[in-house]
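*Asks:* Per TrEMBL, the features are:
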BINDING   Glu83, Gly84, Thr85, Arg114, Gln128, Glu132, Arg259, Tyr263, Tyr264  L-histidine binding site
DOMAIN    1-320  domain 'Aminoacyl-transfer RNA synthetases class-II family profile'
Amino acid sequence: MAIELQAPKGTKDMLPQDAHKWNYVENTFKNVAKTYGIREMRTPIFEHTEVFSRGVGDTTDIVQKEMYTFKDKGDRSVTLKPEGTAAFVRAFIENRLFNEAQPTKLYYIIPAFRYENVQKGRLRQFHQCGVEVFGSKEPSIDAEVIAMAMETLKELGLKDLHLHINNLGCPNCRPKYNEALKKFLADNYDGLCDTCKSRFEKNPMRILDCKEKKCQEITKNAPIILDFMCEECDTHFNKVKEYLDILGLPYTVDPGIVRGLDYYTKTIFEILNSDFTVCGGGRYDKLIEELGGPEMQAVGFAMGIERLIMTLDKEGIEIPNENLVDLYIGDRGEDGKKYAFKLAHDLRDLGVNCEINHMGRSVKAAMKFANKLGVAFTTILGEDELQNEKITLKRMSDGETFEVSLKTIEEIKNIVKC
Ligand code: HAM
């Protein structure tokens, strides 16, 4: 049988020429997180399946259709993380982080796996930068988390962004809404897709998130949750808006967003551009308890790194790509090569990024190669240079040359690093 030599559908290699884009997104996110006092946490790439079936909700598309679930050799059902939140809640409870002073502010950068219909910006293995804040029910933390997401996107240089917010209510007000929704949907029950028919009794709100056209047509004029909110949810939502106003963050109240995961209560939000949603999140005040932890509230978000990079490319944002190599040392003759080999080693000790000729290239070919690499400086080491104990450094950006002694490698460093 022929070996399948293509990456699996819906997965992508990160190629070296794109590495700086990934680093740019991840470092920007981490730097912004630091300014909000958010610390990193890492959890395993797979979890017991229950973490997600109970955490994300068994009427969601993710759990019903998209999880990479398999039995390990000990016959346990495990699942590759389809998202980060439920896994973080599991770790928060298991490691008893709830005993520490609250709030617990955490971030992650993870691969996530969903068996989705592959299309532009929709992959089966994708990556997320996310934040989860545990332990506060204050509306100010909802607004801070939203502001942190917006700040990351602004720091990345993105402009075409729209913040949409909504409130999904709580176990007090949502049952009344569900009743109203069911009443509305009952007339069109036969027109719903099979998955939505199965959701009708258990979780009718899920139907609002269905990707099937016929279901979307039916739910177009459905009642909205904002008309059913209890006083507590209403007050909370108004305060979140007030805090966003204090920061001057523009937003649209969009009753159409419901999110694709079941754990949300109260505030939810999405940040969109004209192509897709780059960030989604919200409050989930019941999940910690549902997964066996104490009564404790939480709020968070995740953004898709591939979607961010596609947006950076689309908006033509120049991403800093520092010189990979400060100095390329070509050689002439065996002795020159040996000296170059040791010189590069010593310069690297001083923090200079060096490359030497491992391909037996002629001086001309070596310079051509160095040019292609986009190095900052080049030099050649041959008999003359060894005899005179001097080399000439050539700055590639303008051709200016600098003569330096081979004895003072600090000076070489100072020139190529300036
Ligand atoms: P989510 O909306 O499912 O939320 O995903 C968050 C972001 O991940 C999306 O806005 C999108 O940018 C990206 N994303 C999702 N699916 C894909 C895919 N198939 N291909 C490429 N990118 C994708 C969550 O995952 C929640 N855990 C967010 C959260 C954290 N809520 C509270 N805390």
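Cβ from N, Cα, C; glycine included.
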*Asks:* Indicate whether Gln128 (L-histidine binding site) is helix, strand or coil by DSSP.
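*Replies:* Where Gln128 (L-histidine binding site) sits, the three-state DSSP reduction gives strand.
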*Asks:* Looking only at the domain 'Aminoacyl-transfer RNA synthetases class-II family profile' (1-320), what is the model's average confidence as pLDDT?
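*Replies:* That stretch averages a pLDDT of 95.
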*Asks:* Given the binding-site residues Thr85, Gln128, and counting only Cβ atoms in the protein chains shown, which has the most within 10 Å of its Cβ?
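*Replies:* Per the Cβ count, the most surrounded site is Thr85.
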*Asks:* Could you measure the widest C-alpha to C-alpha distance across Glu83, Gly84, Thr85, Arg114, Gln128, Glu132, Arg259, Tyr263, Tyr264, the residues recorded as binding L-histidine, and give it to a whole number of angstrom?
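*Replies:* With Glu83, Gly84, Thr85, Arg114, Gln128, Glu132, Arg259, Tyr263, Tyr264 as the binding residues for L-histidine, the largest Cα distance is 20 Å.
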*Asks:* Any same-chain residues 6+ apart from Tyr264 (L-histidine binding site) with CB under 8 Å of its CB? Would you list them in sequence order, or say none?
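*Replies:* Non-local contacts for Tyr264 (L-histidine binding site): Leu168, Gly282, Arg283, Tyr284.
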*Asks:* Which state, by DSSP, holds Tyr264 (L-histidine binding site): helix, strand or coil?
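*Replies:* Assignment for Tyr264 (L-histidine binding site) reads coil.
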*Asks:* Mind giving me a neighbour count for Glu83 (L-histidine binding site)? Other Cβ atoms within 10 Å of its Cβ, every protein chain shown.
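*Replies:* I get 21 for this one.
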